[in-house]
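Data block below; observations after.
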Amino acid sequence: MSQRWTLLLLGLLAPSFSFASQSFENTAIVRTVELGGSLVHVTTTYAVKALEAGSSVYTIALEQQQKERTSWAEAKIKGQSNALELQDLGYDEESNTYLYDVHLPKALGTDASINLVFETVETHATYAWPPTARQEDEQKLKYNTSLFIISPYHTAVQRTKFKAPSNRVVAWSTPENLDAFTLENPVTKSGATITYGPYSNISPSANAAFIGAYQSTIGIHYFYDYPVLAISEYKRAAEISHWGANLNIEDEIHLRNAGPKLKGQFSRLAHQTQSFYQKSSPHVLSSMNLHLPAGISNAYFLDLNGNVSTSHLRSTPSVARNAKAPHYSLFEMKPRYPIMGGWNYSFTLGWDSPLADSGSWDAKAQKYVVAVPVMTLFPSTVIDNAELKIVLPEGATDVDVITPFPASVAAISNHVTYLDTTGRPTLNFYYKTLTDKHNQVVYVTYKVPFSAHLKKPLAVATAFMGLFTLALAGRRVNLSLHRKL
Amino acid sequence: MPVAYPLPKDLSPATVANTASLLRIVALALISGAAIASRLFAVVNFESIIHEFDPWFNYRATKVLAEKGFYEFWNWFDPTAWYPLGRVVGGTIYPGLMATSGVIYSFLHAINLPVDIRNICVMLAPGFSALTAWATYMFTKELKDESAGLLAAAFMGIVPGYISRSVAGSYDNEAIAIFLLMFTFYAWIKALKQGSAFFGTVAAVFYFYMVAAWGGYAFITNMIPLHSLVLILMGRYTNRLYVAYSSWYAIGTLSSMQVPFVGFQPVSTSEHMGALGVFGLLQIIAFSQLIHSHLPSKQFKTVVLGSVISIGLLGTAAIVTLTVRGSIAPWTGRFYSMWDTGYAKKYIPIIASVSEHQPTAWPSFFMDLQFLIFLFPAGVVYCFKQLRDEHLFVIIYAVVASYFAGVMVRLMLTLTPIVCVTAAVALSELLDTYIDPQEPDASAEVADVAAPSDNASAATPSKKVKKAAAAASAAPSNPISDLVNANAPAKTKKASKSRGIFGLDTRIAVIFNTTMMLLFFVAHCTWVTSSAYSSPSVVLASTNPDGSQHIIDDFREAYYWLRQNTAEDAVVMSWWDYGYQIAGMADRPTLVDNNTWNNTHIATVGKAMSSSEEVAYPILRKHDVDYILIIFGGLIGYSGDDINKFLWMVRIAQGVWPDEIQEPNYFTPQGDYRIDDQASQAMKDSLMYKMSYYRFSDLFGGQQATDRVRNQAVPKVGPTLDYIEEAYTSENWIVRIYAVKKEDPLGRDLKSANAFAEGKKRKRTKPMTRRRAII
């Protein structure tokens, strides 16, 4: 299985020399940037017209900064829900950009047009400015990006919309020297939306010449009323137990408030005053609600000092697999202390859930199938490093996985725990920068022979038998030198 | 032969013996279960957590042992304790407790049971309490019989005096030490009874374990020699005593010297000299007896006797000389404080400041022992009536432990086992008498006036039967005891009694009464355990208006904040009570902790806390203090806070700097200890006062602020701080942490820098010198 990953990785890294010819024209590009905290969702809609018949591969270009920020990308045809095949070509030296190839479902004829939606999630794209804030201060973030949406094709018209979380925007930059592209105001603000453009008649821009001549950086400085959260380490261990009909999930989470650093010191008085008047600072995390699966039991919320007694779990019973309404248990998490800017809080969250909720028996393949979610969704939070460990039952064979997206490293190991004799096969996946879009499910299929189920009771029975035999013998052996009369 | 109630006649002795044996095993198993279960209140009401203060250190040390192995642990130097001095942990602790948990941990992991080390530490004390119950059973069995043993085990299992030190989570040395104490004593009695070198060695091995586990081992070190000495003085010297004592002392002492913390103390301190002296005395006596048996001449005997006595005197003189010259360390302060309760307060205030070192209040005897305390003398009287060697041991133990328990609350723990033993003996004797179905022979009464009394008959061949009968008496229901007593009339016929109990009514009255006492005892134990002894003290609990439990978790909150959000090498200063907790939960270096070995260092902290900011600041900076942590209960009424401990800080500081810190300065002129407007100036200026009440009155929004612990009004204008700043305050304000400011970058003192920042102009004391015009 690990071999497959290697192949896939090799495929990703292999340099591609195919460069798109002028087979398309962009009739319009609209980029919508939803400004947020640690996550910024960018949706770019390309209205594409084919210039040649049989054009089926459309190339999208990103600049280095965008590429580094992007941790999730997906291309679709507007109005359809199925994602198109997206091939990451990596760095292109000729144009000094990073390219993606979108494979269209069927080739376009000449002058045929199509609307492509390219959706990305950028992480760590914003930063707090000013970088420190007092406890009572508001939180202001800055987001910088480049003005033009670059593309290897000619673009008739393009515009960029920034959607701020509220109407209050501190400042935004006004680009200059745009007479070649527009004669009107280069930037307009209406409500919470700031629009750059429309800019028309842009020659193919994914090349060093255009970027050097026209590209510039624009920045938005805006108020953000929620804490900016980042999880630097996220370790999930999922343990499948057939004896207990149980899927145990334990998350070790190292949470950090990535907003402005606290200036001065924390004042409990000020915090209590604020919460008394119900206007707590936007950059302070005092509690958060998480959605855990339905039907869970024995949930625990611990940190290194033991149980955190301030939280509540409102669990709901398990639901049928294809039920319409999404049911979940609500976990009202309240850390031991309010997490101010720059503060850390590491904790462990775990629960048991019935194996029947996520696993089943595939009669056709004669295998068990278990669905393990990659992570618990922390709303608008980036996970920098994640590790997913799936512990299968002792003696599981023919292990196969279906992953929603590739891991940076995948490995298989052996894990020996509770009264095991040979240990349990364990799948390890390591991920970088996960976002809310990565909240998906890994499917594991495996076989467990009947004899493997019997290992544990046999081992325990043998141990006790040995103990009793020893005691039996010990009682009957007389080691004394003098026979008692 | 009349019997009070009918007994089955067709039972073979083997059946009776087997049933009795099975019942004993079942009873012991149930007692173990009760002992463990009653200690779990803390886990059920709160969680599996380490309690109080010292256990946090033991837990931390155990983690080091479990993670890094024994050699790392042995050589562990902890640079974070007693900053900047550090502490050689391996050589300054009793490692028995950690080693025990470490062995259990390794064993469980070896059989693939990955139990968390914390859970092992939490459950160690309850587990060992079951063993203690068993050891008490063995011990009492030697004194009387199995039924008394079972009673003693049951008492020991649930008596609050022992539970107070061994609830789940109370991971302290006492948790295993009481088992070791009882088992060593059992082995000693057994060795003495049989003259067995084997049991002497067993006693020595457990003595070694005890030495490795608890500083209280000195109790054994002196109890056994004292017992031997009394036996010798009573003319009860036997070869059995010689064998038992010599094997125990030689092996026990040599092995105890292997513990680094003990080292050469067994041959160089006064506490251990008694054991050595008795050892010498025994050798002399044994030698003289040997000579005695070989020499018939009377004169020669006199000579030998004379020389033996002179050798003894010489030996004693040598010990005295060595003590005077200093080769043998004199008695320590802790020892003196045993005999003079006022000693510690005068000379070692650190010892006196600990609440468990206070003399015991009499209600706590009843609280901890309930009805056992008035059965206790009866049991001792029983021992006097028997007065075999082991009964002497119990009498001596009872007298000594009673005294110590009166001196210090903490030593109630050593009294508890012997109270359980003697009370069980007394109660079992009572039950024996009243359950015994035989009625006295009224006609034979006159004839058998000279017949052996009931007590003497215990040593007769009928003992075995009585044992069986007595064993059954521990079982609650009567049919079983009927069954077990089946063959009693047949065998005890020859010892027809002249004294005894007539009729069933008297029997039922007494037995009913006793049963009720036992029931109330159980109820009392359960109540005391659940209400008084099962609080982890790290987590506090209160009750919501709707009856649900409300957890006050400020300590862990603040410690966790320290752990997560301060630099890893940030030094935290606090009063020594919290040193171990900070090291355990916050993982930060501390200046002082509960291992109170350096009085000056503690006094330094006391001085910093009790002097003004200007005086304290250089001390803080010199010790690299980054944060100061104090406990303040004024908001929610937590009475164990630092303001209530403050006078001890002052006293301890005064002991080292009598010129700078004076206790009377902290009282009002009327001699009251106040924190309101009338508080003395020294009190108001002290760092502790300022840190406790900083911005406290602001919380009340203009209303009168009240300190709920001391029930005093807090001044409206609170103290201001210049050299330190508030860094963190927990939810209920119990823990307040202050950061020590760095020196002003412009070289001003922080007070004027603060004043400048607030826009106040400094008043110039001297007019500025005018610049002269240049001509």
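Counting starts with 1 at the first residue shown.
Each residue, glycine too, has its Cβ placed from N, Cα and C.
Those TrEMBL annotations? Automatic predictions, nothing curated.
What TrEMBL records for B:21-42, B:88-108, B:120-140, B:146-163, B:175-191, B:197-220, B:241-261, B:273-291, B:303-324, B:365-384, B:391-413 is transmembrane segment. Per TrEMBL, domain 'Oligosaccharyl transferase STT3 N-terminal' is recorded for B:23-422. What TrEMBL records for B:569-620 is domain 'STT3/PglB/AglB core'.
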(message) Out of B:21-42, B:120-140, B:146-163, B:175-191, B:197-220, what stretch is closest in contact terms to the transmembrane segment (B:88-108), meaning most Cβ pairs under 8 angstroms?
(response) B:197-220
(message) Check for me, if you would, whether the transmembrane segment (B:241-261) reaches the transmembrane segment (B:175-191) - at least 3 Cβ pairs under 8 Å, residues 6 or more apart in sequence.
(response) yes
(request) Might you confirm whether the transmembrane segment (B:273-291) is in contact with the transmembrane segment (B:146-163), defined here as three or more C-beta pairs under 8 A between residues 6 or more apart in sequence? (result) no
(message) Please report, as numbers and ranges, the same-chain residues at least 6 past the borders of the transmembrane segment (B:273-291) whose CB is under 8 Å from any CB of it.
(response) 221-222, 224-226, 228-229, 232, 237, 239, 241-242, 245-246, 249-250, 253, 266-267, 301, 304-305, 308, 311-312, 315-316, 319, 323, 328
(message) Please report, as numbers and ranges, the same-chain residues at least 6 past the borders of the transmembrane segment (B:391-413) whose CB is under 8 Å from any CB of it.
(response) 143, 161-162, 164-165, 174, 178, 185, 188-189, 192, 223, 226-227, 230-231, 234, 338, 341, 355-361, 364-365, 368, 376, 379-380, 383-384, 419, 421-422
(message) For the domain 'Oligosaccharyl transferase STT3 N-terminal' (B:23-422), report the average pLDDT of the model, please.
(response) 89
(message) Below 8 angstroms Cβ to Cβ, which residues of this chain, lying six or more residues outside the transmembrane segment (B:120-140), approach it?
(response) 28, 31-33, 35-36, 39-40, 43, 48-50, 55, 58-59, 62, 97, 100-101, 104-105, 108, 146, 148-157, 162-163, 165-172, 175-176, 178-179, 182-183, 185-186, 189, 417, 420-421, 424-425
(request) With DSSP as the reference, give the number of residues of the domain 'STT3/PglB/AglB core' (B:569-620) in helix, strand and coil. (result) 31 helix, 4 strand, 17 coil
